[in-house]
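Feature annotation from TrEMBL assigns transmembrane segment to 7-26, 32-64, 76-94, 151-168, 180-198, 210-227, 339-357, 403-424. Taken from TrEMBL, the feature region 'Disordered' applies to 430-450. The compositional bias 'Basic and acidic residues' annotation in TrEMBL covers 434-450.
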Amino acid sequence: MSPDELVYLGILAASIPVGFLFRYLSPPVKQGAALLLGLIISIATCGIHTLHSLFTVLGTWLIIKINWRSAPALSLGWTFLYLFFFRLVTWFGLPQPTPFANAIQLLLTLKMVSLANEIQSYHLEKKKEVSTFTKSPVVGGLSHEPSLYDIISYSYCYVGVMTGILLQRKEPCLQRLKMVPVYGALFIAVNSVFPLSYVHTDEFLDHNYFYRFFYMVAIFFVFRMRFYSAWCGAEAGCISAGLGCYPQGALSKPGGGPTVKYSPDPDTAVEYDFKTIQNIDCYNTDFCVKVRHGMRYWNMTVQWWLHHYIYPNAPFRAYALRAGWTMLISAYWHGLHAGYYLSFLTIPLCIAAESAMEASVRARLGPKGQNIFDWIHWFLKMRAYDYMCMGFVLLKASDTINYWSSIYFIIHIIAVACIGLGQVMKGGKKRERRERGEGEKEDVVREKAE
């Protein structure tokens, strides 16, 4: 592990017992203590670069105070433009931000855009209540407009600054932590055998095709184990602090929180869950069948944010184009490296390919045939993510294209071939349907003639 990864691991590990201590504090003290601890972590890991996040917060606060009606669009523009400046600060003679400052800036961008949308919804609902004399039906909305202190406390709360009541928190916390040692051990073991740096060497290209192809499988495995460990640990930190805990009857979703109003029966014990802060579904990430479903179970809170704020506002109607727009915004959020864009913009191609094959092939098969089709689909889905992961970790366009060319752009070729095959079979199906219709017409005419 790198020194930065060890520091990050230490912060996650320390946040878990701290969360359990917070249960004994009153709400105002909790807010102040969480802010103080978050600022200490930010300043200790980012130093002077903490000012970037502070400017982002103050800019968003000004936007909300000046024009809450347009705050969602303006805050999105402000935070994304600041991200652009943040990533190019060295062009202006400023020092390069630390990786921790980058992590804080990414999560703060999501927070500020969400906050602007929540405050707009709060004001609109209040106006509706005044005009209709009815209580707002909004689930999980703000009860009051947050002050500057509230916004800064939310922005720098130690829970979520880098991770993304007496309640039973110990058991769900342990549930999220039980596989972390396994994920961590697998990450260290496989990474030591298949280091990413080896891909850059001339010796790597001397190996046969199947070795080069298998290498991306190992790299994506290492990639998954690394994030499984980090995100499960981060979720445990949130659980220990009681963040994202709602009654099961509220039907909470990752990132979005409660989806229905829930009034518990006073005579029945209330059961709680922490689905709101769940960021990874490790099993379904690995074993779901489709590319489009794989995205739902990976980085789930960010996926909710993209689906809620970016996808509906895409300038296209077609699903594949909307998905492409969303992936483009996601790539920009991650960074300016060309590898992100090459990888993310391959996803819509894979989605189009699987949609074409499902409509033209799977729909014609019986139950057994569909089962075989799904297993093949799952295998190709995993290879597609292996393939796209290489762009995500190699970062440079030249390095990504060099690796993809070493395995002959196999996933791109398969995706295009599937789309072409789907179109051919779709055309054949239409022709078959048309010929059947014409045959039926001839039979009707013949019967009438007889």
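Quick reminder: no glycine exception, Cβ is built from N, Cα and C everywhere.
Unlike curated records, TrEMBL annotations are generated automatically.
Within its own chain, the transmembrane segment (32-64) has Cβ neighbours under 8 Å at 7, 11, 18, 22, 25, 71, 74-75, 78-79, 82, 86, 95, 97-98, 100-101, 104-105, 108-109, 112, 115-116, 119, 148, 151-153, 155-159, 161-162, 241, counting only residues six or more beyond its boundaries. Long-range Cβ contacts of the transmembrane segment (339-357) within its own chain (Cβ-Cβ under 8 Å, at least 6 residues beyond either end) map to 290-292, 295, 319-321, 323-324, 327-328, 330-331, 377, 381, 384, 387-397, 399-401, 411-412, 414-416, 418-419, 421-423, 426.
The transmembrane segment (180-198) makes contact with the transmembrane segment (210-227), as judged by at least three Cβ pairs under 8 Å among residues 6 or more apart in sequence. Counting residues 6+ beyond its ends, the transmembrane segment (403-424) has Cβ neighbours under 8 Å at 199, 204-205, 209, 212-213, 216, 346, 349-350, 352-357, 359-361, 380, 383-384, 387-388, 390-391, 394 in the same chain.
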